[in-house]
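K.L.:
As annotated in Swiss-Prot:
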type: REGION; residues: 1-230; note: region 'Pyrophosphorylase'
type: BINDING; residues: 9-12, K23, Q73, 78-79, 101-103, G140, E155, N170, N228, R333, K351, Y366, N377; note: UDP-N-acetyl-alpha-D-glucosamine binding site
type: BINDING; residues: D103, N228; note: Mg(2+) binding site
type: REGION; residues: 252-461; note: region 'N-acetyltransferase'
type: ACT_SITE; residues: H363; note: active site, proton acceptor
type: BINDING; residues: N386, Y387, A423, R440; note: acetyl-CoA binding site
Amino acid sequence: MECLMAVILAAGEGKRMKSKKAKVVHEIQGIPLVEWVYRSVKNAGIDEVVLVVGHKAEEVKEKMGDKVLYAFQEKQLGTGHALMQAQEYLKDKDGYVVVLYGDTPLITSKTISDTINYHREQANSATIITAVLNNPDGYGRIVRSGDGSVRKIVEHKDASLEERNIKEINSGIYCFNIRDLTEALKELDNNNSQGEYYLTDTIEILINKGKKVGAIKVEDSSEILGINDRVQLAEAGRIIRSRILKRHMKNGVTIIDPDSTYIDEDVEIGIDTVVYPSTIIEGKTKIGEDCIIGPGSRLVNAQISDRVEVKNSVVLESSIDNDTKVGPFAYVRPGSVIGKNVKIGDFVEIKKSVIGDKTKISHLTYVGDAEVGKNVNLGCGVVVVNYDGKKKNKTIIGDNAFVGCNVNLISPVEVKDNAYVAAGSTITEEVPEYSLAIARSRQTIKEDWVIKKGMLRQEKE
């Protein structure tokens, strides 16, 4: 049975990244570089994926989990040596293997699929993914024979003047016949100035054996961009962001200013939703239809239903149901569940709380560790005092309750259904249903106090 595999090389140190982390776990739009490569491989229909790890191997394994097979390169002795560490998975197999790098996040599943199909159709022993660059300086050139097959790969420093004029370059990504590759790896040596085993030498070995080596040009040369430093990381991020935004726009989402909008790969957005400038949508956020998001909002792993507005606000790991309005300048913290037709207004903070349908929390309010019922009104300046210095306590506010301005609810406490709390109160005990709670001192008037105390304020001439 024909086998289809991929080997992703991800063992390098990545010194130019100047980072404490492994290069391939640096993220673009919420996904590690190596995960981008893995997803493209899987979407191309390849089920068996081997990841060659080395530098900070445990960190890479933690990110990738058990969805890949692992090979370990103890010493970084070149790309060919890295591939040699995966030989146990190639042994005695017939079929094809795609070899690519964990720091090439822009490679697409279409390019991988096209390469495999071309490799089969041409009956190649190896197929190289190539690109045409206006400025190919520093890259290995593809020298073709008259029939279009690859005659050799010549490195820039070794190329003649005529060869340096060739603009087709080697991407370093290949499709091999597995049996031909395993035989070529047996002949690979490190007889060079660096003392390393080069993957490109396998191509020379196959050509010298009379095997057919072909090349397929990638349509977009940015796909082969390798990430070696933070500048290239930012450039790849710009390209991936553009792809993501275009996909959403083609699927019926309006994005007012793509240049200032950041949306992670796993975000889902329904049709006719409008995303305003300076908005960041991260993680596995899911947004329904006909929503207004932004300007200046940040959503992380949020679940947003239909016709919701989130303006100039932050929503973290929480859900918001249909027809609710949030903001401006609201903060919905993790673990919150906001119902339908709710208003969360300016400078309101909700933390790990449930807010019932049709409830209004319009401004300057903190609600933490609380259950707030349906059709409740919390006035300006209400504070749920949930922390006693040792632990967080729960507050329950029943349906149709009314809590006036500048009220402190000292948790644990309960305001029953249909109860009222007068403005300025500090509530420490249960407020029964249909009752009014007043917890403030009576107002005292001292007549002529200002004159008697000499406190009269007069404008200076």
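Heads up, the Cβ atoms here are built off N, Cα and C, so glycines get one too.
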K.L.:
Name, in the order they occur in the sequence, the residues of the same chain whose CB lies under 8 A from the CB of G12 (UDP-N-acetyl-alpha-D-glucosamine binding site) and which sit 6 or more residues away.
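P.N.:
Long-range Cβ contacts: K23, G54, H55, Q76, D103.
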K.L.:
For H363 (active site, proton acceptor), list the number of other Cβ atoms lying within 10 Å of its Cβ atom.
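P.N.:
Result for H363 (active site, proton acceptor): 19 other Cβ atoms within 10 Å.
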K.L.:
Taking only the Cα atoms, work out how far G102 (UDP-N-acetyl-alpha-D-glucosamine binding site) lies from R440 (acetyl-CoA binding site), in Å, as a whole number.
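P.N.:
Distance (Cα to Cα, whole Å): 65 Å.
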K.L.:
Considering the binding-site residues N228, N377, N386, which residue's Cβ sits among the greatest number of other Cβ atoms within 10 Å?
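P.N.:
Counting Cβ neighbours within 10 Å, the top one is N386.
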K.L.:
Taking only the Cα atoms, work out how far N377 (UDP-N-acetyl-alpha-D-glucosamine binding site) lies from the residue listed as 'active site, proton acceptor', in Å, as a whole number.
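P.N.:
About 11 Å separates the two Cα atoms.
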K.L.:
To the nearest whole angstrom, state the Cα distance for the pair L9 (UDP-N-acetyl-alpha-D-glucosamine binding site) and N386 (acetyl-CoA binding site).
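P.N.:
Rounded to a whole number, the Cα-Cα distance is 51 Å.
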K.L.:
At a 10 Å cut-off from the C-beta of G78 (UDP-N-acetyl-alpha-D-glucosamine binding site), count the other C-beta atoms across all protein chains.
P.N.:
21
K.L.:
Quick one: Cα separation, R440 (acetyl-CoA binding site) versus the residue listed as 'active site, proton acceptor', in Å?
P.N.:
22
